[in-house]
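Written below as structure tokens is the structure these notes are about.
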Amino acid sequence: MIKLGIVMDPIAHINIKKDTSFAMLLEAQRRGYELHYMEMADLYLINGEARACTRTLSVEQNYDKWYEFGSEQEIKLADLDVILMRKDPPFDTEFIYATYILERAEEEGTLIVNKPQSLRDCNEKLYTAWFADLTPETLVTRNKAQLKAFWEKHGDIIMKPLDGMGGASIFRVKEGDPNIGVIAETLTELGNRYCMAQNYLPAIKDGDKRVLVVDGEPVPYCLARIPQGGETRGNLAAGGRGEPRPLSESDWEIARRVGPTLKAKGLIFVGLDIIGDRLTEINVTSPTCVREIEAEYPISITGMLMDAIEARLAK
């Protein structure tokens with residue numbers, strides 16, 4: 001029997017209708033895995049050995065009672081076959097410390113999804129720089145004058161922090177906007193933090209597409225997140241509506257270009273964000289949108305993931 005651990009935000013507070021981690025747990029349970037539940041505070045390191053206080057878990061598709069804890073035990077993380085790291089951002093120093101603990105278990109043979117070192121290496125906004133020919137024009141800087149020059153060149157830009165999620169603190173700055181200076185100062189904290197600027201992509205009106213990649217293989221359907229009227233952000237957390245649809249030709253091209261690199265880095269479950277034919281983000285920490293896609297199309301994305309995990313464990 002496969003022993004699967006999951007590190008996640010409190011399960012008591014999730015929305016099971018759209019929670020991807022919950023979908024993963026349902027599929028793992030369907031396959032007869034033993035489920036071990038952990039939150040960040042349950043992980044610890046003693047003399048170099050990664051350990052955790054885990055609770056065995058059963059889940060069900062029931063809006064009144066979707067989980068039940070069984071026994072509680074202190075275990076070596078290496079006693080688990082696989083651990084899903086599904087803690088949502090912020091990607092802060094605490095998150096980084098947790099990846100080091102998980103990496104100690106990985107060195108003893110436990111499969112970590114996604115690979116701890118690659119979680120540290122691949123910032124969701126910045127990692128697109130390794131595929132610059134696929135992205136919008138992009139500037140990463142602390143310098144207000146550079147941001148202003150980029151805005152003057154393009155006339156219509158998006159500015160965002162490097163560590164936001166769910167569309168937080170994303171600004172669209174159009175030609176002639178008198179607020180460019182204060183937005184630059186706010187995002188860079190007066191030149192003390194890096195931020196990102198990209199040329200505005202009108203294709204956002206048709207949605208910001210979440211394309212999932214499982215162990216290097218693109219999922220054939222995506223979720224287009226369409227902004228509300230007057231909004232430039234499609235993120236569901238920012239009020240966008242989700243519309244599942246098949247991948248376009250350019251979606252396939254981008255996912256097939258990026259997929260092999262992700263697989264080689266041990267990034268087994270990744271969400272690409274694509275606007276039109278441009279790659280805008282590579283989400284590696286806790287990608288979502290599985291349930292919305294699975295509700296619309298006859299596909300089991302979590303099944304693809306568990307197949308990939310089983311194949312890696314069999315090696």
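Backbone N, Cα and C atoms are what each Cβ position is placed from, and that goes for glycine too.
Residues annotated as ATP binding site in Swiss-Prot: 151-207. Positions annotated as Mg(2+) binding site by Swiss-Prot: Glu281, Asn283. As annotated by Swiss-Prot, domain 'ATP-grasp' applies to 125-310, with the evidence given as sequence analysis.
Feature map: Swiss-Prot annotations on the structure.
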residue : record              : DSSP class
Trp151  : ATP binding site    : helix
Met159  : ATP binding site    : strand
Gly167  : ATP binding site    : coil
Glu175  : ATP binding site    : coil
Ile183  : ATP binding site    : helix
Gly191  : ATP binding site    : coil
Asn199  : ATP binding site    : strand
Gly207  : ATP binding site    : coil
Glu281  : Mg(2+) binding site : strand
Worksheet entry | Glu281 (Mg(2+) binding site) and Gly191 (ATP binding site), Cα-Cα, nearest whole angstrom | 23
Practice prompt. Rank the binding-site residues Gly167, Gly191, Gly207 by the number of other Cβ atoms within 10 Å of each Cβ, and give the residue at the low end.
Written response: Gly191
Item to complete: Determine the Cβ neighbour count for Ile183 (ATP binding site): the number of other Cβ atoms within 10 Å of its Cβ.
Response: 21
